[in-house]
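A quick write-up on the structure given underneath.
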Amino acid sequence: MGRWIVASAWPYVNSIPHLGNLIGSILSADVFARYLRLKGEDVVFVSGSDEHGTPIEVEAIRRGVHPKQLTDQAHEYVKKLFEEFRISFDNYTRTENPVHKEFVREFMMKLYQNGYIFEQDDVLPYCPRDKMFLPDRFVVGTCPYCGFEKAYGDQCDNCGRLLHPTELKNPRCSICGGPVEFRKSKHWFFNLPKLQEKVEKWLRESNLPPNVKNYSLNMLKEGLKPRSVTRDNKWGIPAPFPGAEGKTIYVWFDALLGYISATKEYGLKKGDPELWKKYWFNPETKTVYFIGKDNIPFHAIILPAMLIGSGDPYVLPSYISATEYLMYEGEQFSKSRRWGIWIDEALEILPADYWRFALIRMRPEAKDTNFTWSEFLRIVNTEMNDDIGNYVHRVLRFIESKFGSVVPEPGSYSDADKEFEKAIRETPRRAEKYFEEVRLKQALGEVIELARKGNQYLNTKAPWDKIKTDPKDAATTMYLAVNSVATLAILLAPFTPDSAERLWKMLNLPGSVHEPGRWKQAGEMIIKPGHRIGKPEQLFRKLPARFDKEIASKLQEIRRKVMEKRPPLLRW
């Protein structure tokens, strides 16, 4: 049994996550964690609400409340939505949790004591109109490297370069739109150049995917610069360094350490305060991070540097799955323009399994992907229903009507039978290969392909005719078919957990499809002759043929219902 930490990027809870946030980290991480559990691995799956920093502070001021009132509502609501999406966290926590706050302060002091944190004056953006120092993300200007006119003060979303606000051309305040000034303020910095050699050695020897590894090595070629770890805003974890009164820890350093503190909190809940070290200090532990591509520098450079700089034997990232962007009907999701679908709106439209399946099929693994309602309709009606749902229903209904719900004894295998049995046995191995490469879209593709082969097999064998002329051949066909359905149930479990469990019950199989170690039964003939199946039901339901044309006109009413359910401080 292997030991794994599956880490999803922490959603920033100044708003409800949208579909792009969901597939970029949380859902992908959940599918992978569920797969590992099915394999019988020892898994801790962690994430939490990222709730510090100026964006939330500004939103709270706008609403006339303390930031914690806002994040209390947001955290509980988002946590509930993830539960409804069947996200199987072992611990979903928050950056306001006392365990996290204490851990961050202790960790940052270790970096300080080890000589990796130093103090110096910094020149920071200040908005004279709003009378406040601005966080990097609240400064917008032209990127000095690529000329992108909407680059942020910490990073250009176009070319991906990490920036300092002073590098931007024509910097402006994103709150009021006015020009910013730069004023001196004392701050504490993480000495990344001092750790560059160690980070580069680790990167070159790592098994990170090419998009992450190459991007990070290119950044190292330019040379790392010290990064400020403190901010002047009030809402955050107080900086622990001598003389740093009134400063808070920069939210990125705060949130990155959440993966460890969440594991620590998980151990405390289980009554074992040292459990987290059995994962994080064990060189055999594999740590897999699920993030969006814009977060690569923080996870592939800054986090490893922090872990190395601590002097403790932390295991460094084993794999970083960084997705490209999911667009919505050709444009980026936008809260201000109400452009996109947010996860509570999605659940108002259809149950979670439909979204889980469709989003994994659209997962932007190699390039930006466009969510369209027409593609969503095709996936639901063709792949979920025609390919998988229809096949399952054909098999179970035939056994119910022609064999009295009892799985028949097979006869000798024809070439077609042998070929289909081979497909049943080999599909889990192919899906497993894609899972190990964190190519979840392709793994789900193997599940769909097995169902397609099943439909073709039934059409070729025509058991509805053979039951009259060669009942033994029909029995063989249905014996193999029902076992392929059992394999489908196991393979679907990471993707559509509720539907997979319902299918397991329809097959009248013992226990839960989600039991640890269940994966080893995929591809095996686990349903024996004489087994009685349960009552067949429709696994999925089709959407109306004009769903993609009509959904736009229905969104306004859907959003009205959703807004009524949202906590008051999360209504737009």
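Using the three backbone atoms N, Cα and C, a Cβ is placed for every residue, glycine included.
What Swiss-Prot records for Cys143, Cys146, Cys156, Cys159 is Zn(2+) binding site, and it gives sequence analysis as the kind of evidence. With a 10 A radius on its CB, Cys143 (Zn(2+) binding site) counts 21 other CB atoms from all the protein chains.
Long-range Cβ contacts of Lys335 (ATP binding site) within its own chain (separation 6+, distance under 8 Å): Ser15, His18, Trp572. Feature annotation from Swiss-Prot assigns ATP binding site to Lys335; the stated evidence is sequence analysis.
What Swiss-Prot records for 11-21 is motif ''HIGH' region'. If one looks beyond the motif ''HIGH' region' (11-21) by at least 6 residues along the same chain, the residues whose Cβ comes under 8 Å of a Cβ in the stretch are 47, 49-51, 53, 55-56, 59, 70-71, 74-75, 77-78, 81, 292, 325-328, 333, 335, 340-344, 346, 355, 359, 371, 566, 570.
Under the heading motif ''KMSKS' region', Swiss-Prot lists 332-336. Within the chain carrying the motif ''KMSKS' region' (332-336), a Cβ under 8 angstroms from the stretch's Cβ atoms is held by residues 15, 18-20, 325-326, 572, all 6 or more beyond its ends.
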Q.
Which one is it: of the binding-site residues Cys156, Cys159, which Cβ has the fewest other Cβ atoms within 10 Å in this structure?
A. Cys159
Q.
Please list the DSSP helix, strand and coil residue counts for the motif ''HIGH' region' (11-21).
A. 3 helix, 2 strand, 6 coil
**Q.** Residue counts (helix, strand, coil, in that order) that DSSP gives for the motif ''KMSKS' region' (332-336)
**A.** 0 helix, 1 strand, 4 coil
(Q) Using the Cβ center of Cys143, Cys146, Cys156, Cys159 as the Zn(2+) site position, which other residues in that chain lie within 8 Å, going by their Cβ? (A) Pro144, Tyr145, Gly147, Phe148, Ala151, Asp157, Asn158, Gly160, Arg161
